[in-house]
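What Swiss-Prot annotates here:
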| type | residues | note |
| --- | --- | --- |
| DOMAIN | 2-148 | domain 'Globin' |
| MOD_RES | 4 | phosphoserine |
| BINDING | 65 | nitrite binding site |
| BINDING | 94 | heme b binding site |
(Lines of atoms letter the chains of each structure in order from A and count residues from 1; the text may use other names and numbers.)
(Lines give C-alpha, C1' and ligand atoms only; values in the text may rest on other atoms or scores of the structure.)
Protein backbone atom coordinates (compact mmCIF):
# COMPACT_ATOMS: atom_id res chain seq x y z
CA UNK A 1 0.00 0.00 0.00
CA UNK A 2 2.89 2.30 -0.71
CA UNK A 3 2.54 5.74 -2.19
CA UNK A 4 3.96 6.81 -5.53
CA UNK A 5 6.55 9.59 -5.69
CA UNK A 6 3.81 11.89 -6.97
CA UNK A 7 1.55 11.04 -4.05
CA UNK A 8 4.35 11.67 -1.55
CA UNK A 9 4.94 15.03 -3.21
CA UNK A 10 1.26 15.93 -2.73
CA UNK A 11 1.50 14.90 0.94
CA UNK A 12 4.65 16.94 1.53
CA UNK A 13 3.26 19.97 -0.31
CA UNK A 14 0.18 19.87 1.93
CA UNK A 15 2.36 19.39 5.00
CA UNK A 16 4.32 22.50 4.03
CA UNK A 17 1.08 24.44 4.54
CA UNK A 18 0.69 22.90 8.01
CA UNK A 19 4.20 23.94 8.98
CA UNK A 20 3.49 27.61 8.28
CA UNK A 21 1.32 27.58 11.45
CA UNK A 22 1.87 24.22 13.09
CA UNK A 23 0.49 25.37 16.46
CA UNK A 24 -2.72 26.70 14.94
CA UNK A 25 -3.20 23.60 12.82
CA UNK A 26 -2.41 21.31 15.74
CA UNK A 27 -4.81 23.07 18.05
CA UNK A 28 -7.59 22.91 15.46
CA UNK A 29 -6.92 19.21 14.81
CA UNK A 30 -7.20 18.42 18.53
CA UNK A 31 -10.35 20.54 18.91
CA UNK A 32 -11.97 18.70 15.99
CA UNK A 33 -10.88 15.38 17.47
CA UNK A 34 -12.32 16.17 20.90
CA UNK A 35 -15.54 17.70 19.54
CA UNK A 36 -16.15 14.89 17.05
CA UNK A 37 -15.11 12.08 19.39
CA UNK A 38 -15.50 13.28 23.00
CA UNK A 39 -14.37 9.89 24.32
CA UNK A 40 -10.84 10.68 23.10
CA UNK A 41 -10.62 13.55 25.59
CA UNK A 42 -10.61 10.99 28.42
CA UNK A 43 -7.08 9.93 27.38
CA UNK A 44 -5.79 13.44 28.11
CA UNK A 45 -5.79 14.21 31.84
CA UNK A 46 -4.34 17.63 31.05
CA UNK A 47 -7.33 18.60 28.89
CA UNK A 48 -10.30 16.80 30.48
CA UNK A 49 -11.44 20.03 32.15
CA UNK A 50 -11.80 21.81 28.79
CA UNK A 51 -15.50 21.48 28.06
CA UNK A 52 -16.21 24.16 25.46
CA UNK A 53 -14.59 24.98 22.16
CA UNK A 54 -13.80 28.46 23.51
CA UNK A 55 -11.92 26.94 26.45
CA UNK A 56 -10.01 24.71 24.03
CA UNK A 57 -9.13 27.66 21.79
CA UNK A 58 -7.87 29.62 24.80
CA UNK A 59 -5.65 26.78 26.05
CA UNK A 60 -1.95 27.31 25.41
CA UNK A 61 -1.31 23.75 26.62
CA UNK A 62 -3.65 22.39 23.95
CA UNK A 63 -1.84 24.43 21.30
CA UNK A 64 1.53 23.16 22.56
CA UNK A 65 0.35 19.57 22.45
CA UNK A 66 -1.04 20.09 18.95
CA UNK A 67 2.39 21.35 17.93
CA UNK A 68 4.02 18.26 19.45
CA UNK A 69 1.61 15.89 17.69
CA UNK A 70 1.92 17.47 14.25
CA UNK A 71 5.70 17.91 14.53
CA UNK A 72 6.08 14.19 15.26
CA UNK A 73 3.71 13.28 12.43
CA UNK A 74 5.51 15.64 10.04
CA UNK A 75 8.84 13.97 10.84
CA UNK A 76 7.26 10.61 10.01
CA UNK A 77 5.62 11.82 6.78
CA UNK A 78 8.91 13.32 5.56
CA UNK A 79 10.44 9.84 5.67
CA UNK A 80 8.05 8.77 2.88
CA UNK A 81 7.27 5.42 4.46
CA UNK A 82 10.82 4.74 5.68
CA UNK A 83 9.86 5.79 9.20
CA UNK A 84 10.81 2.84 11.41
CA UNK A 85 13.22 4.88 13.59
CA UNK A 86 10.66 7.64 14.14
CA UNK A 87 7.70 5.31 14.57
CA UNK A 88 9.12 2.86 17.12
CA UNK A 89 9.34 5.25 20.12
CA UNK A 90 5.97 6.79 19.24
CA UNK A 91 4.31 3.36 19.13
CA UNK A 92 6.02 2.40 22.38
CA UNK A 93 4.75 5.45 24.27
CA UNK A 94 1.26 5.32 22.77
CA UNK A 95 0.90 1.60 23.52
CA UNK A 96 2.48 1.32 26.96
CA UNK A 97 2.13 4.74 28.56
CA UNK A 98 -0.82 6.51 26.91
CA UNK A 99 -2.77 3.39 25.80
CA UNK A 100 -4.14 5.08 22.67
CA UNK A 101 -6.22 2.68 20.53
CA UNK A 102 -5.62 2.57 16.78
CA UNK A 103 -9.25 3.69 16.36
CA UNK A 104 -8.30 7.04 17.92
CA UNK A 105 -5.51 7.38 15.35
CA UNK A 106 -8.18 6.94 12.67
CA UNK A 107 -10.19 9.71 14.32
CA UNK A 108 -7.24 12.11 14.41
CA UNK A 109 -6.41 11.25 10.79
CA UNK A 110 -9.93 12.32 9.83
CA UNK A 111 -9.49 15.54 11.80
CA UNK A 112 -6.18 16.29 10.06
CA UNK A 113 -7.78 15.90 6.63
CA UNK A 114 -10.76 18.06 7.66
CA UNK A 115 -8.48 20.82 8.95
CA UNK A 116 -6.38 20.80 5.77
CA UNK A 117 -9.56 20.85 3.69
CA UNK A 118 -11.00 23.82 5.58
CA UNK A 119 -7.79 25.85 5.90
CA UNK A 120 -6.36 25.20 2.42
CA UNK A 121 -9.22 24.35 0.04
CA UNK A 122 -7.34 25.59 -3.02
CA UNK A 123 -4.25 23.52 -2.22
CA UNK A 124 -5.87 20.37 -0.87
CA UNK A 125 -8.01 18.94 -3.64
CA UNK A 126 -9.16 15.37 -4.18
CA UNK A 127 -5.74 14.08 -5.28
CA UNK A 128 -3.97 15.60 -2.27
CA UNK A 129 -6.70 14.34 0.08
CA UNK A 130 -6.38 10.85 -1.35
CA UNK A 131 -2.60 10.89 -1.02
CA UNK A 132 -2.78 12.17 2.56
CA UNK A 133 -5.37 9.52 3.43
CA UNK A 134 -3.05 6.82 2.09
CA UNK A 135 -0.04 8.22 3.98
CA UNK A 136 -2.00 8.38 7.24
CA UNK A 137 -3.31 4.84 6.68
CA UNK A 138 0.25 3.61 6.15
CA UNK A 139 1.25 5.32 9.42
CA UNK A 140 -1.70 3.73 11.29
CA UNK A 141 -1.03 0.27 9.86
CA UNK A 142 2.61 0.48 10.90
CA UNK A 143 1.67 1.72 14.38
CA UNK A 144 -0.84 -1.15 14.68
CA UNK A 145 1.88 -3.65 13.73
CA UNK A 146 4.17 -2.19 16.41
CA UNK A 147 1.33 -2.31 18.94
CA UNK A 148 0.92 -6.01 18.17
CA UNK A 149 4.67 -6.60 18.69
CA UNK A 150 4.36 -4.85 22.05
CA UNK A 151 1.35 -6.96 23.03
CA UNK A 152 -1.01 -3.97 23.07
CA UNK A 153 -4.46 -4.78 21.71
CA UNK A 154 -5.25 -1.13 20.97
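Cβ atoms are placed via backbone N, Cα and C, with glycine included.
Annotated features taken from Swiss-Prot, shown on the structure.
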| residue | record | Cβ within 10 Å |
| --- | --- | --- |
| 4 | phosphoserine | 10 |
| 65 | nitrite binding site | 18 |
| 94 | heme b binding site | 22 |
The residue listed as 'nitrite binding site' and residue 4 (phosphoserine), Cα-Cα, nearest whole angstrom: 31
Rounded mean pLDDT for the residues that make up the domain 'Globin' (2-148): 96
Summary of DSSP states over the domain 'Globin' (2-148), given as helix, strand and coil counts: 115 helix, 0 strand, 32 coil
